[in-house]
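Enquirer: Just lifted these from TrEMBL, have a look:
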type     : residues : note
DOMAIN   : 257-390  : domain 'GGDEF'
TRANSMEM : 6-28     : transmembrane segment
TRANSMEM : 40-61    : transmembrane segment
TRANSMEM : 67-90    : transmembrane segment
TRANSMEM : 102-120  : transmembrane segment
TRANSMEM : 126-145  : transmembrane segment
TRANSMEM : 157-179  : transmembrane segment
TRANSMEM : 191-216  : transmembrane segment
Amino acid sequence: MGFTVHLPTLLLLSVAINVLIGGLLWAIFRLRARQHCFRLWALACVAFAAGSLLAGSRAFIDAPWVTVFLAHLFLGLSPLLVLAGLQRFYGHSARKTRRFRHGLNAVAVGYCLTLLFAFQGDPLNARFLTALLSAAIFSVAVYGLSKLDTTPSLPVGILKVLFTMHGVLMMSQVLVIGADWLGINQLHTGFGLRLILINHILLAMATALALPLLAFTQSEQRLRIMAERDGLTGLYNRRSLFREGIRAFDNALQTQSPMAVLMMDLDHFKQINDRWGHAAGDEALRFVARTLRKELRNDDIIGRIGGEEFTVVLRISAEDDVRIITRRLLDAIANNGREIQGLPLYLSASIGGVERANRHTTFADMMIEADAALYNAKNKGRNRAEFGNLTPETTVT
Ligand SMILES: Nc1nc2c(ncn2[C@@H]2O[C@H](COP(=O)(O)OP(=O)(O)OP(=O)(O)O)[C@@H](O)[C@H]2O)c(=O)[nH]1
């Protein structure tokens, strides 16, 4: 049983879908504080739809300037606009952006001029050029995406696959036409190109759908980060620190493994704010967050649970000595926090620590004890650590 696709139907479907997605992207552009990548992607969809429509009307209109030249102008412009949108979306530095935009403008003008001189009414010439340009653009896009160290990774992965397929398809088109010109084509050129065109239309639709997905997953992730993280330091906020702490506690309880909680409070922080201003205080808080990240392991849970109050949940092993870790933290803060951004802040902190023991039935029990130990450390003169009850019979070994 032969498989046939009615090309005009597919073409019309692609035009309709691209116009619809273009409209959706334009609406996102209007809604999202005029984020320009969406306008560029909307225009890319419309350019693709216009190009497809003009190219498809070749059967009815005998005007190569419209059905070949103009059609391919739109079809070539479409991937350029997608690339320009991606560049805007990931927002590089102003200088890089300017250079990139000049580069894209130069490629667009070069493409128009080459098309103008080369097409000579022959659709194959125009297809060859557009395919060559598209293959190059998709390769640049894949290269750019793979250089990005960004999340969410799923839509980026989808786009990379789609762009790679686009690139390979466009290169096949170049090769099929090239082979035909050289007279070494074993395939029926019309059939080969038709197959490529069908795949290209399907891929263009998939790409148009993947672009809003990229945007929505990114904003969803931003919202999650805003809900979970402390805006000033990027550490866990109070709520997520408790959530992660409870998870770690339950896990340690189940596996009967040790863990520790450290509650840290900066000393005389009010004086720093009063003397050097709130901005210097904020900088000091960021410095403490950086220090904690640097001194602790990646799987330790670090949060800012109040103004100048931090909490760390340590997943320790039996060999780890919490006192040594705690001393290291206090020393790092006191030694490196003498001067922050040229200001003599002389930061120091106090820590209340506790190791999980059989008397703890919940994470909150550990937090209460750590808090009491912190209170103790403050009372005993600050810049020191005090620990909860660590008697051998109650401590997990
Ligand atoms: N810059 C800055 N200051 C903050 C922030 N959150 C809380 N603070 C300040 O932190 C200070 C905390 O002061 P206190 O609770 O009196 O504690 P302290 O001065 O550190 O004294 P001790 O803890 O007893 O050593 C207050 O002045 C708050 O305004 C913040 O996000 N940024």
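Glycine is treated like the rest: Cβ placed from N, Cα and C.
Remember, TrEMBL labels are computer predictions, not curated facts.
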Enquirer: Considering pairs 6 or more residues apart, do the transmembrane segment (67-90) and the transmembrane segment (191-216) have at least three CB pairs under 8 Å?
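Expert: These two segments touch.
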Enquirer: Of the residues in the domain 'GGDEF' (257-390), how many are helix, strand and coil by DSSP?
Expert: 58 helix, 34 strand, 42 coil
Enquirer: Counting only CB pairs under 8 A, let me know which of 40-61, 102-120, 126-145, 191-216 has the most with the transmembrane segment (6-28).
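Expert: Against the transmembrane segment (6-28), the leading stretch is 40-61.
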Enquirer: State the residues, same chain only, that lie 6 or more residues beyond the ends of the transmembrane segment (126-145) and have a CB under 8 A from a CB inside it; answer 'none' if no residue qualifies.
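Expert: Sequence-distant neighbours of the transmembrane segment (126-145): 68-69, 71-72, 75-76, 79-80, 82-83, 86-87, 107, 111, 114-115, 118-119, 156, 159-160, 163-164, 166-167, 170-171, 173-174, 177-178, 193.
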Enquirer: Could you tell me the mean pLDDT the prediction assigns to the domain 'GGDEF' (257-390)?
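Expert: Here the predicted model's pLDDT, averaged over the domain 'GGDEF' (257-390), is 94.
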